[in-house]
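Student: Okay, so TrEMBL annotates it like this:
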DOMAIN    38-435  domain 'Ammonium transporter AmtB-like'
TRANSMEM  35-56  transmembrane segment
TRANSMEM  68-86  transmembrane segment
TRANSMEM  120-143  transmembrane segment
TRANSMEM  155-177  transmembrane segment
TRANSMEM  189-209  transmembrane segment
TRANSMEM  229-250  transmembrane segment
TRANSMEM  256-277  transmembrane segment
TRANSMEM  286-306  transmembrane segment
TRANSMEM  312-331  transmembrane segment
TRANSMEM  343-369  transmembrane segment
TRANSMEM  389-411  transmembrane segment
Amino acid sequence: MAQAPKFDPEHPWGGDSSNGLVDVNAQYAGLEYHYTYLIFCGFIVWIIIPGIGLMYGGLARRKSSLSLLFQSLLVASVTTFQWMFWGYSLAYSRTANAFIGDLANFGMMKVQAAPSPSSAVIPEIVFCLYQMLFCACTVQIVIGGSFERGRIVPSLVFGFFWATIVYCPIACWTWNSNGWLYKLPSLDFAGGGPVHIASGWAALAYAVVLGKRKHQGEKSHGKPHNTTLVFLGTILIWFGWFGFNGGSALNASVRAMYAAFNTNTAASFGVLGWVMVDYIRSRGRFSVVGACEGAIAGLVGITPAAGYVNCWFAALIGFITAVVCASLQDLNEWLGIDEGLYVFKLHGIGGMIGSFLTGIFADQAISFLDGSSLSPGGWNGNGAQVGRQFAEIGAISSYSFVVSCILLLILKYIPGMHLRVSDEAEMMGLDLDQFFDEQIGEADWGMFSNVTNELPAHAVDGLVSSGGSSSVERDVARPDTKEA
């Protein structure tokens, strides 16, 4: 069996290929299947980003749907720059302290062919790409907190700095071998803390700082405009999550395959759990959107546990997470907020449930399927692990929420960075306010004639000057207008 290469501080690039004398691939001879598998996982993780955009776009009203699709590509692009600039170094530099990395890898310096910090069988450039996509997915989830009222440019600026001062430190705590949660240790296989708990609390902070949406009794308020988009987005997310969890073993071991199996199991049982709650609540009826939310809840719940628990506990985690989240239908009213995409409910609460249950059900027999990791949980008599999971939950929740609030409040009072669109723009829709000659779905420019009587004169002038986009939806049309 081929031996894994070792990192050489004298050659941090993994070898000098500039003179044509050193073949940097030779050190991975016989181990190529590990990084081939991981790069494939990275490719399908990327699909999650537009998948979230499609799901968010379908859940929004038509007049504000395009902005959510657009931001999925912009978030991927902005996060790529952030990660290359300093994000990777702040999260994974080998010389990090217990809380955050240094700038040893600033600007992708020394990130090339050497064995990665977290897995000796993975070249660092492959590891860097894979982890960058985790950061992009997380920021995309957070953007959901600006649902139907947040301006695009400030949300992207917020995303850049949130990734820098929230995501990167938490990733360092959790996955960097110098991080304090890593050494504790808390068990987080694929991102229950850095991805879900952090993004859920950040989205809650975003919704709190922005305030509630304007609501004038429209029938479409709070209802998805396109269930097909929600379904398609969910399918892409589910598919991408095989790479998200399946690749987090950072090798092509049996443990990685088991994590992929657990991913599908938890998502499936999440669907069953949410549909069951809907069926009971509605007295015998179903909801496609509910089934999709159940799949997401199951995926969120299993993320920290995928490589630690057996398949039946994975089913239980997915089912419990979905049932709890589905039962919190009135969470916004209880908290007095307007978090229309339920990011906090699905990712924040779902992530905390998953992390807690990981501490209970983690089984060292599963973690050792990679041949090297022994991670006992309550199932093995290690009850202290549950307390360590609570430490992770409390630290990440409080840090993400407080720092996100501070960052948003700073941006709010910077000239030109006001977070929220005007009342008129919100009534007309974000798509009409922030795009030109584009709308989601089939164009219907004649619809313009049905809305002008309901808008202020200056808003009508704005419509005319922008081309009269028909993304103005039925809730601002005259009562006698047929719904789009």
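Just so it is clear, glycine is given a Cβ too, placed from its N, Cα and C backbone atoms.
All annotation found in TrEMBL is predicted automatically rather than curated by experts.
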Student: Determine which residues of the chain contact the transmembrane segment (286-306) at the Cβ level, with the cut-off under 8 Å and only residues 6 or more beyond its ends counted.
Tutor: 55, 59, 187-193, 195-196, 224, 227, 230-231, 233-234, 237-238, 241, 244-246, 248, 259-260, 262-263, 265-275, 277-279, 313-314, 317-322, 325-326, 342, 346-347, 350-351, 353-355, 357-358, 361-362
Student: Average the per-residue pLDDT over the domain 'Ammonium transporter AmtB-like' (38-435) and send me the rounded value.
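Tutor: Reported value for the domain 'Ammonium transporter AmtB-like' (38-435) is a mean pLDDT of 94.
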Student: Using a Cβ cut-off of under 8 Å, list the residues of the same chain at least 6 residues beyond the transmembrane segment (189-209) that approach it.
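Tutor: For the transmembrane segment (189-209), the nonlocal Cβ contacts are 134, 137-139, 141-142, 144-147, 150, 158, 162, 166-167, 170-171, 174-175, 181, 244-245, 248-249, 259, 300, 303-308, 337-341, 343-352, 354-355, 358, 392-393, 396-397, 399-401, 404-405, 408-409, 412, 419.
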Student: Could you check whether the transmembrane segment (35-56) and the transmembrane segment (229-250) come into contact, where contact means at least 3 Cβ pairs under 8 Å with the two residues of each pair 6 or more apart in sequence?
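Tutor: Since 3 or more Cβ pairs under 8 Å link them, the transmembrane segment (35-56) and the transmembrane segment (229-250) do come into contact.
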Student: Top stretch among 155-177, 229-250, 312-331 for CB pairs under 8 A with the transmembrane segment (389-411)?
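Tutor: Stretch with the highest Cβ contact count: 155-177.
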